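Enquirer: Have a look at this one before I ask anything.
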Amino acid sequence: MPCERKTMRYGHSEGHTEVCFDDTGKFIVTCGNDGDVRIWENLDDDPKFITVGEKAYSLALKNGKLVTASSNNTVQIHTFPDGDPDGILTRFTTNATHVTFNSSGSRVAAGSSDFMVKVVEMSDSSQQKTLRGHEAPVLSVTFDPKDEFLASSSCDGSVVVWNIEDQTQVISWPLLQKTNDVSNASSLCRLAWQPGAAKLLAVPVESKVHLYERGSWDHVSTLSDDLLTQPLNVVVWSPCGRFLAAGSVGGFLNVWDVNSKLCIERQKHEKGFTVCGLAWSPSGSQIAYTDTEGCLGMLDGLGTPPTDKPAKDYDALFDDDDDGVMDEGLSDGASPVKKAVAADDEEDDDFLMPLTPFARHADTGSLKLGQDKFGDDDDDAGSAVLAAAAPLLPPRPVYEGPLPSAPQKAFQPGSTPAHLTHRFMMWNSVGIVRGYNDEQDNAIDVEFHDSAVHHAMHLTNSLGHALADLSQEAVLLACPSTDELASKLQCLHFSSWDTNKEWMVDLPQGEDARALCLGQGWAAVATSSLMLRLFSVGGVQREMFSLPGPVVCMAGHGEQLLIAYHRATGFDGEQVLGVQLLQLSRRKRQIISGEPLPLSRRSHLSWLGFTAEGTPCYVDSDGVVRMLNRSLGNTWTPVCNTRDTCKSKSDHYWVVGVHENPQQLRCIPCKGSRYPPTLPRPAVAILPFKLPLCQTSTEKGQMEEQFWRSVLFHNHHSFLSSSGYEVDEEARSQSQKEQQELLMKMFALSCKLEREFRCVELAELMTHNVVTLAIRYASRSRRLALAQRLSELALEKASQIQEEEEEEEEEEKRQTAGYSGHRQQEEEEGEEREEEELREEEEQQETEEAAETKPGQFHFVHSSESERSTEAAESSLSVFDVQVLGSGKPSASSGQPRVTNILDSMTAGRKSAALGGSAGKSSKNPVLKPLAPRPKTKTQSTLLQLTGSNKTKKSQESAEPQVPPPAPPAENTENQRPKTGFQLWLEENRKSITAEQPDLEEMDVIKEAMGRFRALSAEERNEKASDECVEKRFKRRDYSSWRFSGEEFKGQISFRGRSAQLKTIHFNKLNPNS
């Protein structure tokens, strides 16, 4: 039975769809979840439609009367083909699930979800018979051609035969799986009674068809196919009653010869979708079928008229030698019709059906197996003839691989299908655009979520706009072209400050707008000629470029443009899409160039857009939400599956927005559909995100999922900062804190499980400070080997941080080389002015204190460093002792070790008699004895201790200090001013700068140091400022009001003031300025 499978047409919204022919076979009638009944004269023309309700679950057509089961719990009648309402036939307490006519068209049977079956007379709807007995919703009903019995199937798992007049059950077979609702049933189990002779009742059970004999109700035979693995949904008989067709959940279409029990035709749905509707034309040459995606298809050429001399035996089928030549190289669908096969002598010869290559090219074993399996009553001679004929079949290659998939049509994200009279043209984070196209009005309503952006608008849709987008600046509309008018792009720029807020442009001849979007200050439209055109929001034409393939959809956010298009033809229900991501800022660049867009198996793209923070994301038809991971090479990471929260297979979520902070997926729940109705206004639900990691039910898996989700959803901070946007530093620090806390929890769990290697792996993800806590935890847990490895890791991280800082300093030095020299000059001038003020104050203090006891010299001695154990990586305190010595010679009893200090090389002395004068000269100012430099960490704090001596000035002058300063002894300290924080930092880091760049001259060294100093954090600079303040206070002898910034000190300073009494200043840790 060679046939041609025609290209499918989109007819209804996604969901259950049914199909039937009229009495003449001229029209095909379908109904679907959109509530429309569509009348097709052929698949090439656009259909007419009749709206019967919000949803249409089933339909039947006979004698010019169209009966439909709609969502308002009624069974309605319409005239055909006019579609005029003709009253309500019957009502149920819930939705009717299936309706059918009897053979004469005088009765209608309807099954409902309220467990009842009703038989209603068409001439008088008050004449009804109610059949009660099912314990679950009814799946299907079918009349006995003799109008005596009625068969029904139900979700309670039973198939029942009823006596119509007695309203009683004749027999019941428990054949099906039990479910609580039609939407949850594994099969619709659409029964079919054999026309004409009415001998057999066909019942689809799993992947087979059971045939029951009328009257005895015995199971007489079973039709099956080895290729069928999924349940059959619907069966239908040919008008002659000899052939039976079935459609399966897996998309297979099979036709059996009931007499021979052989499968004579196999076809596969081009996308593998579930076949839910099936109808055989009155002529017997066509089978129409519908799927759960709302599409209509057809198998044509199933039958041919009988030949004058039909073949009487199997060998006669191959007498024509030209058959092999004619069929060579042709596929099953293109193979010409062979000679007809004669029926048995006892059967009627009125309807003959040719044999398909599946049956003709079957091997002997399969034929014999089929005969034995179905218990054929042929005699041995017939079997011998069949076995002898089979080897004579000429082999012919047949393509059985995957078939090309129909490319997905272009759509607008956030919109419902265009064929609806009331639809959402756009629903995004800004507002809602609704379109109305009915007999009363053809208009567009624009509503804003925030009325402060703009008031609601009502626009007349005289041009027939089908595409729309909405932003904070404008509304963008586009209409398709007609025979007289070109496709137009219209923009209502409501944020414009002038009075002309609207502009319109005609696209070139032959170009139709397929997708459009709005961004910050720009608009984009993709056309049918693979062209993308950019406009300013005010109407200025900007750049344009060609797309690599037909556009599927587009989205815009700020300066980003995201485009999805077809890269190639997909096979076996797959869509091969590509994606481009462009940055339309001043420096235009392409971030993603033609990379594949990952989709779930046999799914299509259903939504594309950006998060509120500007991260690209999309949703496929399987409900999987994926987001761009910029930190992983612009890969796509699945972050949610909306199907996990759906209660039924027919339920879906319609996405309207995505937010990263807080983590929210905003969508509308749709029960039994993929999109919501316009009225009443649907409520928005919020779904959480969850990465599909392994074993998320365990504590370890949950923490891993939370950590990586936090990392992914906070990548936008770095992107926004690099793009010049303001970033919420508090939110960024909070996210980093959460991530480090999760790492520390996982570290503790791994320690508890004695997974030390895993602990080190987790520590590699930690920051330097958190590694310190990990070292402490490992030490307290007495895991010394782990603590040692973590200490090494901490050193590596410290070196990495230093290298990164050096790289940043080099970059900043290039940018601020000229500015640094100017700033340095200003600082030097300011220091000179400050030096003059200090000198005047010192001279005044010198005259006032001439007769008083002279203070000694101050010496800073650093305490011994903490032990180099696991505590070395912690934030430990550094201690400084400040002593007042009675003479220039240091006390030998102090015993303090000589170590480095960041305050080293600071000197504060008064004017001496001569540049190279004797060191025994008196010094009226305290002299700060410099020590060798010592590096200092950010978390270091100091303890200052100052001890005084009541030695006289003479004993102070008679001794020389034993510890030589690193500065040259002949250094002129007369006019030396206190060093700034930068100078202190330069003295510490001069050696490292000259070691890295030995060719630098003195001025270049200063410039390099200035660039690095500016790269320091505020905390590090404050440390230097504190040091500078210490030196200035020593210089001015203002011991009563020390000020320290950036550090907290604990300790005391003791000295003798003007009254020669011992005074003590306490430095409280909590109040460093007291």
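Glycine residues also receive a Cβ, built from the backbone N, Cα and C atoms like all the rest.
What TrEMBL says about a protein is an automatic prediction, not a curated fact.
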Enquirer: Can you say which of 283-309, 310-336, 391-417 is given as region 'Disordered' in TrEMBL?
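Expert: My reading of TrEMBL: the region 'Disordered' range is 310-336.
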Enquirer: Restricting to the same chain and to residues at least six past its boundaries, which positions have a Cβ under 8 Å from a Cβ of the compositional bias 'Acidic residues' (802-811)?
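Expert: For the compositional bias 'Acidic residues' (802-811), the sequence-distant neighbours (Cβ-Cβ under 8 Å, at least 6 residues beyond its ends) are 1011-1012, 1015.
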Enquirer: Mean pLDDT, the DNA-binding region (975-1043)?
Expert: 69
Enquirer: For the compositional bias 'Acidic residues' (802-811), give the DSSP counts of helix residues, strand residues and coil residues.
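Expert: Split into helix, strand and coil, the compositional bias 'Acidic residues' (802-811) gives 10 helix, 0 strand, 0 coil.
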Enquirer: Using DSSP, tally how many residues of the repeat 'WD' (9-41) sit in helix, strand and coil.
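Expert: Helix, strand and coil residues of the repeat 'WD' (9-41) number 0 helix, 15 strand, 18 coil.
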